[in-house]
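Taken straight from TrEMBL:
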- 8-463: domain 'NADP transhydrogenase beta-like' (DOMAIN)
- 6-24: transmembrane segment (TRANSMEM)
- 36-53: transmembrane segment (TRANSMEM)
- 59-78: transmembrane segment (TRANSMEM)
- 90-111: transmembrane segment (TRANSMEM)
- 131-152: transmembrane segment (TRANSMEM)
- 168-186: transmembrane segment (TRANSMEM)
- 192-211: transmembrane segment (TRANSMEM)
Amino acid sequence: MSENVSSLLYIVSGVLFIMALRGLSHPTTSRQGNMYGMVGMGLAILTTLVGHPPSGAGAWVLVLLGLGLGGGAGAVIAKRVPMTAMPQLVAAFHSLVGLAAVAVAAGALYAPQAFGIIENGHFHKQSLFEMGLGVAIGAITFTGSVIAFAKLDGRMSGKPIMLPQRHLINALLAAGLVLLLALFIGTESKGLFWLIVILSLVLGGLIIIPIGGADMPVVVSMLNSYSGWAAAGIGFTLGNLALIITGALVGSSGAILSYIMCHAMNRSFISVILGGFGGDTAVAGSGQVETRPVKQGSADDAAYIMKNAERVIIVPGYGMAVAQAQHSLREMADMLKKEGVDVKYAIHPVAGRMPGHMNVLLAEANVPYDEVFELEDINGEFPQADVAFVIGANDVTNPAAKTDKTSPIYGMPILDVEKAKTVLFIKRGMGSGYAGVENEVFFRDNTMMLFGDAKKVVDHILKAF
Ligand code: NAP
């Protein structure tokens, strides 16, 4: 295959990746988007294999083994993983992208002829720069993602660990990396290459350790962005157009997603990176136990109130995802609609544990898209609503975000559920949400707590209907 043809095919796969991103931006087109992405990746792999075939049977066996084992493991994991564990899975996968960038750069360093980056016994300076930068970003992504995975999966405390002088240490490490990179380009020393790897691995860990559980999804998307830039850097070394395009797409989309999440939480990107928000309760899901009395109701009470309501706004959150209550919830909404009740869903941009988490679950339960509203479109309707039905959400309804300057969620826009005539709050107990802060809405006169697993409570309400 000529270079021109393979470049053209790589551009076609790049266009398919862009169409995939476009498709994934809405639940109605997301399957199609996934399909474009798969075809694009298949085309890129085939073009690489035909354009630069592995030399010899042994290399073919290795490539096919890698494809089979990697693809097989990916398929099994994707089938098995619950939606609630998706953020840590993404973090784990990013760590592999980082590791791959390190492995490819090392491959290029030890077999430069295969990559055409050496002339008269000396590396091209530009290739040394790409290799050094790619390997540094890859190694930072690797350890950073492993720690993000451990925190999100509850294998490590979600509490921010504040090391003394951490900003100074990180700045010194970063400066050391720049120096090593310059020396590596000048000397072509393999020892310096591995020193860059070691320093970057340490820096990746140190950057992520102080970041609290609640900020972890932002960090995961930031690492996603890093892994993209690492891949793009390695794409330049390999002279592979598909890798450059894909890396740039992943890098920029991850950066945009981080920005959107920070904006939705009213946090600056710098404050997330500097760490400190979110506590142990964050990863455990709930922590503080409150002793003040609350008004408690039963499924029968809830069914009675909602049947007699005109307008009900449903506010789903992380607890709905844990309980997998979305199907029962849709059945409940269908019943209410039959009774002539106007039912809408209010989605907070950071409800759940990843962007679009609630939209995906509601789409899976076939909730009509025209009943689902974003925060800014529905917030003004709570004062007219008879019932705000909060199912497994907590932080995204917490008025402390508006009133308490000392609260870690201060400034985050929230859904004004407390303005509805009645607030029905489903959760298992008095535990706090991800940010580990108490919610005053539980104690308001117009709030009725419905304690229990979200799915079980909704099923009981359905029976009570
Ligand atoms: P949340 O504040 O974490 O609260 C979820 C609540 O669900 C908990 O208080 C828990 O209370 C309850 N719960 C857990 N399992 C349950 C079950 N089986 N049945 C019923 N209730 C259950 O959730 P949220 O309101 O969705 O807020 C999301 C949080 O994640 C925010 O702090 C946001 O900043 C953060 N975050 C999200 C993203 C994102 O992209 N979505 C990104 C970054 C940060 P009990 O333990 O008492 O049941």
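Just so you know, glycine gets a Cβ as well, placed from its N, Cα and C.
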Proximity of the transmembrane segment (192-211) to the transmembrane segment (131-152), 3+ C-beta pairs under 8 angstroms: yes
Stretch among 36-53, 90-111, 131-152, 168-186 sharing the most Cβ pairs under 8 Å with the transmembrane segment (59-78): 36-53
Positions on the same chain near the transmembrane segment (90-111), where near means CB under 8 A and six or more residues out: 117, 127, 131-132, 134-135, 137-146, 148-149, 152, 190, 193, 197, 204, 216, 220, 223-224, 226-227, 230-231, 233-234, 237-238, 354
Model confidence over the domain 'NADP transhydrogenase beta-like' (8-463) (mean pLDDT, whole number): 88
